[in-house]
Amino acid sequence: MVQYNFKKMTVVPNGKDFIDIILSRTQRQTPTVVHKGYAISRLRSFYMRKVKYTQQNFHEKLSTIIDEFPRLDDIHPFYGDLLHVLYNKDHYKLALGQINTARNLIGKISKDYVKLLKYGDSLYRCKCLKVAALGRMCTVIKRIGPSLAYLEQIRQHMARLPSIDPNTRTVLICGYPNVGKSSFINKITRADVDVQPYAFTTKSLFVGHTDYKYLRYQVIDTPGILDRPFEDRNIIEMCSITALAHLRAAVLFFLDISGSCGYSIAQQAALFHSIKSLFMNKPLIIVCNKTDLQPLEGISEEDKKLVTEMKAEAMKTVIGQGGEATNDEGVLLTMSTLTEEGVIAVKNAACERLLNQRVELKMKSKKINDCLNRFHVAMPKPRDNKERPPCIPQDLENDNGGAGVYSASLKKNYILANDEWKEDVMPEILDGHNVYDFVDPDILHRLAELEREEGYRQADAGDDNFEMEELELTPEEQKTLAEIRKKKSLLIQQHRIKKSTAESRPTVPRKFDKDREFTTKRMGRQLSKLGLDPTKAINRARSRSVSTRGRKRERSLDRDDTDDGDAMDVDTPNKKQRMLSRSRSRSRSRPPTEVVPGEGFKDSAQKAKALQKANKSNKMRNKNARRGEADRVIPL
């Protein structure tokens, strides 16, 4: 399980984008309309809410940045030193410190201006305080713009770092550049590291995974290291040094005995002795690569002596692990990544030595006592000295195909009526049907029960078969029975018609009423049967049926005229007379230009002109009053 995952860190925006994000969120999430006529307490709370909301957004965004970036003192030393090598931890801490200082400053600014807004005495004063507060917050963010840009570059680079678990089983490959380290990791894992015939092709750490004895191992390919002082090594080499210093891993030191890498065996031996302090308490294997170009036996005596000295240093790690000094197996190995000779042997030796070391360390720890108390290994003891090897009768085995083919028959224990049926082949599918679906041992008993139940049902049905004979009825009873049946059939038909016509639908217009069921004559007959006078109802229905489209509205008669039968309707000739003929109970509205005594106007024309000028002067003030925070005016 990977302990650190830097790929989920949130993107760090630059200063300008940071300000745009926060201010646009404030504009969208807070009210934007305020009027001068509001109470002063409402105006203060309106602008205090904007200042507080902006400060909260800045605080949340900056806190996310500070919390998601790893703290170098809290993470594994491997990642702490790796980040220091890549980014310089002093600059890294300084940038995060500036972000934290900006967060505190914005909180202080918000607190101060909220206090001032509590004593704002007008809309203009409150608005100015709000603008000043947001402006100072944005100025603080602009000042930390370089730190934000620096942290964004670090985030992008950290997202590209390999996911290395410092606590799992690890195989570490190191050595001079161009000695075959990347080729080896490509052979034993599914990693795809670039391989080129020149030095420093690998410029960073690469990780692959392999399996050994059902366990997962991570294999790390490190950049090449040169034999020079510690202070002169570059960032690429320091990545390898950091991995060697902090990871508990099996170390494979690659040695190019052919010299095709551009460095002699003496130079590679000098590098080994300069960094051998990093190999302490780690399984160390010296791998002589490129044996297809130069076998190990074909090198010079001086080079053999250097290789022997390196082997002696590697043996000390075996002694440190509790091994014997004479056991030099798995310390010096040869292989060729080109022909793949010895590649799997090197991988197995490294994984085996690492696994033995980890088991030995766990056995020496205090936790092993708690684990051993939970286990109990039962060892069976022989009851006598007689040997009982597994045995199959030879005749059955030979009769049924011999060893590897014979299988014990389970049919011999079947309980059947005839023993000859035991070896019969029963078909599973017959005529397209599953045979087992039709197999029932109690089929005859069930059939007898069904036949008996059917007989009972037929007997019960014969007793209930009673019908009324119409010959026993009198003529009057037969007539009544016929009327009842007729009435019943009519009711059934009417119910079916109602169900089919859906009475909930809209009423059909009269011109589509083909059967003439809904007429005034029919309504008059029904009302007359009930003893009511249908005249008024018929007249009312007819008055509603007359279309009023295209007909002008007639003037209604006065109450006095309706009482006189000789009165006549006379149309008024003009608008003035129609106004005078209306009922006096209705009040008339006064036109706005009508002059009222005491207003100081000479006539209605002068009043209309004054009203026009007043509306024109109020137009701009009304427009500014409706302007909110979202309305931005660009002066020309």
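Each Cβ is built from the backbone N, Cα and C atoms, and glycine gets one as well.
The feature domain 'OBG-type G' is assigned by TrEMBL to 169-355. Annotation comment: TrEMBL describes 495-636 as region 'Disordered'. Among the features that TrEMBL reports, compositional bias 'Basic and acidic residues' is placed at 510-520, 626-636. As annotated by TrEMBL, compositional bias 'Basic residues' applies to 539-554, 575-589, 616-625. Taken from TrEMBL, the feature compositional bias 'Acidic residues' applies to 560-569.
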Beyond the flanks of the compositional bias 'Basic residues' (616-625) by 6 or more, those residues with Cβ under 8 Å of it: 35-36
The compositional bias 'Basic residues' (616-625): DSSP-derived helix, strand, coil residue counts: 10 helix, 0 strand, 0 coil
Integer mean pLDDT for the domain 'OBG-type G' (169-355): 84
